[in-house]
Every structure is written in structure tokens, then in C-alpha cells.
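> Copying in the features that TrEMBL gives for the protein in this structure:
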DOMAIN    1-70  domain 'Ig-like'
DOMAIN    76-161  domain 'Ig-like'
DOMAIN    166-253  domain 'Ig-like'
DOMAIN    258-348  domain 'Ig-like'
COMPBIAS  281-293  compositional bias 'Polar residues'
REGION    281-318  region 'Disordered'
DOMAIN    353-429  domain 'Ig-like'
DOMAIN    436-515  domain 'Ig-like'
DOMAIN    519-615  domain 'Fibronectin type-III'
REGION    599-620  region 'Disordered'
DOMAIN    619-718  domain 'Fibronectin type-III'
REGION    718-806  region 'Disordered'
COMPBIAS  720-732  compositional bias 'Pro residues'
COMPBIAS  733-755  compositional bias 'Low complexity'
COMPBIAS  763-786  compositional bias 'Low complexity'
COMPBIAS  787-799  compositional bias 'Pro residues'
DOMAIN    800-893  domain 'Fibronectin type-III'
Amino acid sequence: MATFSCTASGNPVPIVTWTNEEGVDVATLGDPRIRVVGGTLTISETVESDTQMFNCTASNVVGSDSATVSLNVLVPPAVSLPPAMLASQGDSLILNCQPTGNPPPSLSWFKDGQPLVPDNDRLTVSRQTVVITSLYSIDQGNYSCLATSTQGAATASTFLTVLVIPVIHAGVSVVTVTEGDTAVLDCNATGNPPPTVSWFHSSLPVPEPDDTRLGQAANNSLIVTGVMEEDGGQYLCQAVNEAGSETAQIQLVVYVAPLVTPLESSVTIVEGSEVTLTCSATGHPTPTVSWQRNGGEVPSDSTPNLSSEGGEGAGSLIISPVRGEDGGVWECVGTNIIASNRESITLTVLIPPSILSLPHTVTVTEGTPHTIICTATGDPPPLITWLRGGVVVSAQGSLSLEPSANRSDTGLYTCTAANTAGRDSRDVTIDVQYPPTITQSPVSQTTHLHSPVLFQCSAHGNPAPLITWNFQGSPIAGVQEGNFTVPSAGAEDVGTYSCVASNSLGQTSADATLFVLFPPSPPTLLGAVATGSTTIFLQWTPGTDDGGSPLTNYVIEYRLLNDESFISVVASVDDLSATISGLTPYGLYEVQVRGENAVGRGDPSSSLSTRTHSEAPSAPGDFAVVSSTSTSISLSWSTPQPLNGQLAAYQLEYGAEDTFDLSHQTRFLTTTEIEVAGVEAGVTYLLRVRASTVGQDGLFLWGPYSLLRVRDGHTLEIPTLPPSPSPSPSPSPSSSSSPSPVVTSSSPQPVPTSSRTEPIDRTSSSVTAVPSSSSSSSSSPFSSTPTPSPPPPSSPPTVTPTDLSLSATGVGTITVSWKPPISELETVDGYTIILSPPHLPPTLIPHQTTPTDYSVTLTNLTSFTEYTVTVATYNEGGQGPLSLSGVIKTIESAPSAPQDVPS
């Protein structure tokens, strides 16, 4: 125990702590041997590691102070060595003796009790360590170290054993012996300590405890009695001690006679395939393997389908392809220097079935019996069956269609021959043939004209029947299929169609009739006549054939002659006449009639042409002052639109506005311009102009006026005026009782008549049917014989007569003569004479002459009166231009007797 006291004074009272050399407060070390009480440090059970400096420190808030003390713990010497050491010869050895004690002791080395003195360069001795390099057996012994000090002495020792690796002294390396003899294998080994010898064969220790044939002699030799083949091989002699081990190998060679072992004693194979016969031959030396059959070596040049592989220890004989004659016994032979042995292999060759010739197709007529025989070769003999659709139908070699072949027997049959070697099959198609039958007959049909018609026909038979078609008993060329189409049915297609199915065993047929419905035949148009300016009456009789379908109605078609398309209106089937209304006045129309039934509209009747009556024209247009002077006014206007007929003349009336007396200011003109003379400056004049056409009765049909109000050549606004009476539509030149003009001609011709009609709305047309009963009335304007349609009219002529000559040939008589137009390329049917007396409407006198007569005499005219005479051409297309005019005054008549003369 060691105790240190440390006292300290100070104010406040200082605190005393003890620290070791590392500056650690010893009170915090947790060592139960160390205690600090007040200023005293106590260490109980001191040890050598307690030797060190300790520091006492006193401290308060003012400062600190310290003092150091030293503790030295005395310990007796101590040394240690392992009790024994092993080292192998040639190794290096280090002996280390580490002494302890305080004060430190001195150290000495000894071997076998004698001081250890280095006597060779392998030995090195220092204070604590002995080093021996490349140990020899002489270095083996007892080594010790001695430690001494003031506190006492201590010693330690160890025994060194030097180990020597075993050495095997070689003998023979190969021992040869025959199977069944005794073999001795020697192994002589030395070493330190003496080694233990063991034997191994194929890495396994020998002898085994229960093996009585193998034993190890006292000199460590291995003795093998009754040597067997498996005893041969490498043997290992192993010598082992603590220093190590040593081995030596000895080869034991055992000669063994061949042992032949086939892979299979019997082999079964199918002819045509490949087989390999295999055998092995064991023995020592390793036997060679060869093959024999019937005492001869194989393969040879006479056995091209044989080949061999291997030769030493094992071999294979390859037969490819296997033939039937290859069946039998084959011998595998094993040979070495000891002996030759053999084993046999039996080869059985199976022959697969082979069906002899069979036809691919058998043709049989329905109702007759038939048998097909199937034969086959093979070993073992094959089993023959017949199958249809995978189902066995005969387990014998023959297939019989009994009592007779039926069409249901048609199909694919398979003859199968099978044995253990395989199977063979052949397909035979049985074709049972029979005459055709029609499975779908054509159906009689009724169709419309130009409609497609499909006749369907199908037939069954074997061979597959050829389908052809007949019409009215005669073949239809180029048609050989089940369906026959008439693409557009017509009259020539009506009749009986026959579907004919035929094959090599016969033929059959089925009929169908085609009926074709046609549109009705054309009606007969009896006539068409204009009954007014906007109406045409027509009458017809039905067509001769309704086309097989009753009439549903009639269709009336009409058009202006120059129009491209007709307008169609429908009339009842009960009507045989009709009136078309809403037409254009003075229009030349072409009219035709069709019948209609469920099939459609038939062809039209022959067309007729007729012209509607004239109608009063509309007012002239563009009525205006062209120019003026102080005493005249030049006026112009345009032709009325619509004109509604053949233009006859214009009537111009004028007078002062304040009097509005136009009775003596009337002029009749054929041109669209005029100069009015004799006007006065500053006077407002009213002027009006209207146009006329020629009515059906030859009277002028006057249209409404165009009105103009003029002063000093300027047009003024027109006030609302009361209407003035229109001139009467009479051709009479005056209201006096003077006779009406007449026309005489060397070739008098009838004057065309016309009727006067009222204006109508021409935005639409209609047909008013006349009951069919009227067609038989005696008042019908048409006969039952159709009137031929006139050719379409030409356009109005464009040429004018020439060389107009006027002469007053008597009182109230004027002779007019002219020459025909120069051009002969246009048709001229006649000439129109227009006579214009002053203040009266002009009179149109149509006049047709012979080719050589171009004159007319006008009579019953007013004497001593100036007339304007105009001659124009005309034809069915209308009147030509009014460009040839002249003025003449009739001869003055003798005065009448004075009246109221006093007697």
C-alpha cells in the first residue's frame, strides 16, 4: 500500500485533487484500489504499473497551487518459455525470453544445462532472443533462460524437437502379374520420428478391414493374393510423421483374358431402317473387337450395307439399310494376347406392309353391285381394313357395294394394311354416277318491257350435269350455266324457256314462260285546232294495243314549234279529247298524244301543228321625241312586246292639250317613226300611239295607247286624263255609209279568217278534257281519219316586192302592181296589201297571186282622197317587212246635182 498526504491552506478553503501522469483525476478512474480522502491519496495492492508521478492540486476562487510526488513499486524477476517446441529440419527457430521485474533483471541462456555459446554462423544469441537458422537434428535439446535482480532470480526452459521428413527408398515401380496370382508391392521409408506407412488404390486406403486378399507386412510391403482384374492400377505408398509426408507410386499390371458383352442379345428392326449392333470387350491388354457371320469376317466387299466403328474395347456394326436377308445370328469377337472370346446377337428383321396396286378412282353406275379387293405383303402378315371418314367399313381385304351401288356410297375410302413393322394405306375414290335431276326449276314470270329477267335453275347429278337453255325449243347459243338472264325484256323474248340438264347417263328439263308487259301503242290523233288565242282543242282515238296492262291515263304533249322539249299534261283514261289552255297567242304549236299504263308511257301519236289566234298587242314601247323644231316634232317608238299576232298598223293621234280634239289629227302608219308638222310654239300637245294585229275575222285588234305630252320639243309629265274612245275595230275607213272595200283578183283566193279573243294570263297552261262521248257526236270537228301533220313553217320572209306602181284608174278605183322579190331562195305564199286612208285605220288585204300575176285593183274607195298603199310578202311564218309603199289620190267624182234649187 502507498499513502500520500497533501495539506493546503487558503481562504476560502481550497479543494485538493490528485491527478496521474496523464493529468487524469485518479478519483474518476473507477479503480477500487485507489482512494482520495481529504488531501490523502491511498493505493492498496500496488502493482508495477502504479510506478509513476502523481500531482496534488489545491484550488479556490482566488487561485491554485500544486505539488508532485513519485511512486516506485519493486517487483521480483519473472521469465517464461513454452514447455516444448517442434521445428522441422531446415526451418529457422526464434526463442524469445521476455523478463519482467523492478528493477529490470539481467538475462542468461543455457542448452542442456550448459551456457549457450554461438559456435557457428547458424546460431545468434542476444539478451532476450536466440535465433537458429536451417535447423539440423543436432540442434535438438533443452533450452533455458535465467533472469536475476536485487529482488531475486527466475528461470524458464523448453525442449526443442527437430522433425525430419520421411524418405522412401525406391524399389521397382511396375509389378506385372497374371489374374489369380500373388503380387508383392514394397515400400521402405525413414524419418524422425519414424514415419507411419499407408497404402492407397484409386485414392482409397487398402487393405480394407474385411478384405482378406490384401495385407500389409511388417516391413510395410503390400501383399495381394488371388489378384483380380480390378486390382490392377496405380498404388500409392505414403510415409507420414510430424515433419511431413512422402509418397511413392507403384503400378500393378494385371493381365486379363477378354470378356465380350453385347449391348443386346437380340434386336428386332424394320426392313429399310438402320440398326447398330453394339458390344464391348473387357480384358488386359484391351481386346480388339471384330464381327463375324457364318464364319467369315464382316464387313467385307460383299456387304455394302455394313460398316463398323470402334475396335478396341468396344465396337459397333452398322447395317443400313436393313434387308430381309440380314436377319440371323451375328458374332462379336474380343481378342488380346491372353485369349480370344466371342458372343452372338440375334437380328430379327420385320417387313412393313406394302399394298399391291389399287386404282385411284373406281367409277360405278348407281344400281349395280361392285367389289374392290385390297391385298398387301409384309412380315408378319398384315391386317387389312377399309375405312371411310375414319370409320371402319370392312375388316376384310375386300370392299363390297351390296346389294347395289348407291349415290351415297360416293366418297373417299382408305385401304389400310398394318403389322408390327408399320402400316401402309391407299386411298380409293368411289364415284357412283347417276342421271341428272333438276333441284331448282325455273319459274314463269311476267315483267315490264326492258326490265331484266333472271331464270334460275340448278341440277344435281354425277357426272355434274351440264346446264343449257332452250327458247321455244331451240338452243340458246353460248349459255351453259345454271342461271339465264334476259337483260332487257322485249317482244322477241316472250315465250317458253327450257332448262336442260344432261350428263353421260341422261338428261332432264324444266320449262318456264316469260310474259312481257309493254307500254301501250300510240293513240291516233284525229286533229288539233286552235279555238282561241290561248286554247287548242284536240281529239284522238285509243291505240290498238294496251301492251297487256290496262291504260291508266293519256299524256298530252305540246310545244312551240321552235322549242326543244315538250310540255306534258295528263288526261283521264276516260277522255278522248281535250282543250289545252293558257297558251301563247299567235303561237305555232306542235301537239301529240301518248297512252300510259303500269309499264310506262307508250310511243307518241303522229304530231299535228296549229297556230293559236291573234290577240291585241301590248302598247308600243319607248315612245319618245327624237328631235323637234319650232313647227315640227319627230317621234319614234318600238314594236309592242308581246305583239300577240301579225302587226297590221300603228295609229298616231295628237292635238292641243287645252282642246284635246284628236278627231282630225289621226294618222295610220306602218313604221315606228314620224314627223308631225304644223305645231305651234308654246302649245302643249298630247300624242298617243297604239298598234294593231289582224284578228281571226280579219278585223284589226287594237292594243292600248302609249301617251306623250310635249311642248316646244320637251316631254312633260303626263296628267291623269279621262279615257278617249277607241276607234272601232272595223276595217271600214269611216263611219259614213260609203261602201266597204273589196278585193278582186284574176285568181281570187279565200281570205283567212280569225277570231277575236281577249287577253289572257300566259304564265301557265292547262288542258280541259272533253268527255269521250263527245268524240262520237256529229258536231266533232274531226273525222276518224287522222289529219297528216303539216311540215313546220318557215320563218317570215325577209324579202320585199320591187317596182311598186300605183294608178288611179277610175273614180274610187286604184290599181296596184309590183314585181316579185329578186331572191328566189325564200318561200313566199302571197302578198298583203295595206291601204291607209287619212285619219282611218289601215286595211290589210291578203292577196295571193299566181307566179305571173302581181297586180290587184282596189275599188269602192272614196273619190279624190289620198291613200297610202304598202305591199308586203307573207308565208306561214308570218308577214315580211313593210318597206315598199306609195301614195296616190283617187280621181275626183262628178259633183252631185244641186239641192234645194228654187224651181
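Glycine residues also receive a Cβ, built from the backbone N, Cα and C atoms like all the rest.
Just so it is clear, the model here is predicted, and its values are computed rather than measured.
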> What does the DSSP secondary structure composition of the domain 'Ig-like' (1-70) look like, as residue counts for helix, strand and coil?
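Output for the domain 'Ig-like' (1-70) reads 6 helix, 33 strand, 31 coil.
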> With helix taken as DSSP H, G or I, strand as E or B and everything else coil, how many residues of the domain 'Ig-like' (76-161) land in each class?
3 helix, 49 strand, 34 coil
> On the DSSP side of things, how many residues of the domain 'Ig-like' (166-253) fall into helix, strand and coil, could you say?
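When I sort the residues of the domain 'Ig-like' (166-253) into the three classes, I find 3 helix, 51 strand, 34 coil.
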> Within the region 'Disordered' (281-318), count helix residues (DSSP H, G, I), strand residues (E, B) and coil residues, in that order.
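Going by DSSP assignments, the region 'Disordered' (281-318) contains 0 helix, 24 strand, 14 coil.
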> What is the three-state DSSP composition of the domain 'Fibronectin type-III' (619-718), stated as helix, strand and coil residue counts?
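The counts are 0 helix, 58 strand, 42 coil.
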